[in-house]
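Record features, source TrEMBL:
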type	residues	note
TRANSMEM	83-103	transmembrane segment
TRANSMEM	180-207	transmembrane segment
TRANSMEM	214-239	transmembrane segment
TRANSMEM	276-294	transmembrane segment
TRANSMEM	306-336	transmembrane segment
TRANSMEM	348-371	transmembrane segment
TRANSMEM	377-399	transmembrane segment
Amino acid sequence: MDAKFYKLILLGGAVRFYFVRTPLASLISDRVEFATPLNSQKRMKEGIYLLDQGIDPYSGDLVHETPLVLKALSGLFLNFPQWLPLIYIMLDLLTGALLYNLSVRFVKQKLQKQCLERKNYAKDTEQLQYNDDDNYDIPELVLIAYLFNPLTVLSCIGLTSTVLSNLFLALFLYFLTKGLLLPCIFLLAFETVRSFYPIVLMAPLLLVFARRSFAGGVILSVLFAVACLIIAAASYLVIESWSFLEGTLGFIFYFRDLQPNIGLFWYFFTEMFEHFRTMFLITFQLNATVLYLVPLSLKLRKEPLLLATVLVALMAVFRAYPSLGDVGFYLALLPLWKRCWKYMAHGFVVFTFFLVTLSMMGTLWHLWIYAGSANANFYFGATLAFSTGQIFLITDLLFAHVKREFCLYNGQKIMIDGEEARILLK
């Protein structure tokens, strides 16, 4: 870690510390784009108070954080509430530092892999290969993309528990690149019990630790299930009740709160007839978890970190209660694939989608809720366009990776009948 790393960390902390002391912080904590029923600070505060009073936090339908997190943060919320912003800022800076370190390790692994495979590369592919400058450039880009992304900054100053989710995911990816099995399993199990959708990250974990061993894959799956049971049992000991399962995983799976957010669930389940609910519920949850898992795992079996990045991005798009903080996290991982950017063709389109839709969300929400001159269709149209922009980004990254891999071995210019051939995605 060089001096520039510490300067960026200090600057990122200063930006967060400045904005958390402004009225913007309380505004963001109430915005549906950042605060959802799962990550809202107000709901967590209510759950901690109920737990402190000996009342089951899950007896109503307000609290959806796990008992372990409520218990771990209860002392801070009850005794030192004035320190909450500073703690959240420090946790967010720690997430940035973890992403920086996993980027350093990732580039070193890429350079080592290239040394073994370079003899098979085509002659005109130097700009597609990782080089020594990437040891510094890519980690710095990742750190900047996380610390100074408005989505992650606002999510932090709003004191949403997305800060915790991003930290746990960053820890998981960091240990994955270091090849530490048990921390990966327990972190993934903890996040799965918290928010269900990270279970799909079992795929990159299996590719790293049990690529060619079916028996090893079975053992890892059993270890993961045992870790989930241990975490569930520890949560049970906190409140001496299994009600938290219905209040967390059940709440997510059955999508009981129709509060608008940046996702796709709320509008469809508001409009549909009740007797179709079960069918669409299963369809939407399959789309958010297993639908893309097998084909992506087969195609990206040699790139587990890219698979993890794409799965995290798909979670941010298709999960039941997404927030902009989830989007900010996977955007910070994109500089890892800097050598694919040459083939990303929709950068301007994606940027325009993001800029226009994010600008419109606040306006359309005001017109719908406060002015009464719009309706749910207006706001959902903006969120649907935002999700479409994210899908464009994900597919663009995947195609760029496939094209880079092809060109590494076949050259950037392929001539057919005297004319340069074009690679098209069909």
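Here the Cβ of each residue, glycine as well, is placed from N, Cα and C on the backbone.
Since the structure is predicted, the reported quantities are computational estimates derived from the model, not experimental observations.
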For this session: Could you check if the transmembrane segment (83-103) is in contact with the transmembrane segment (306-336), meaning 3+ Cβ pairs under 8 Å among residue pairs at least 6 apart in sequence?
Result: yes
Problem set entry | Remote residues contacting the transmembrane segment (306-336) - C-beta distance under 8 A, at least 6 residues beyond either end | 33-39, 96, 99, 103, 106, 138, 141-142, 145-146, 149-152, 154-156, 160, 162-163, 165-166, 169-170, 173, 176, 195, 197-198, 200-201, 203-204, 207, 252-253, 255, 257, 261-265, 284-285, 287-288, 292-293, 296-297, 300, 358, 387, 390-391, 393-394, 397-398, 401
Seminar exercise, completed: In the same chain, residues at least 6 away from the ends of the transmembrane segment (180-207) whose Cβ sits under 8 Å of its Cβ atoms read 38, 65-66, 68-69, 165, 168-169, 171-172, 217, 220-221, 223-224, 227-228, 230-232, 235, 248-249, 252-253, 288-290, 293, 296-297, 301, 304-305, 307-308, 311-312, 314-315, 319
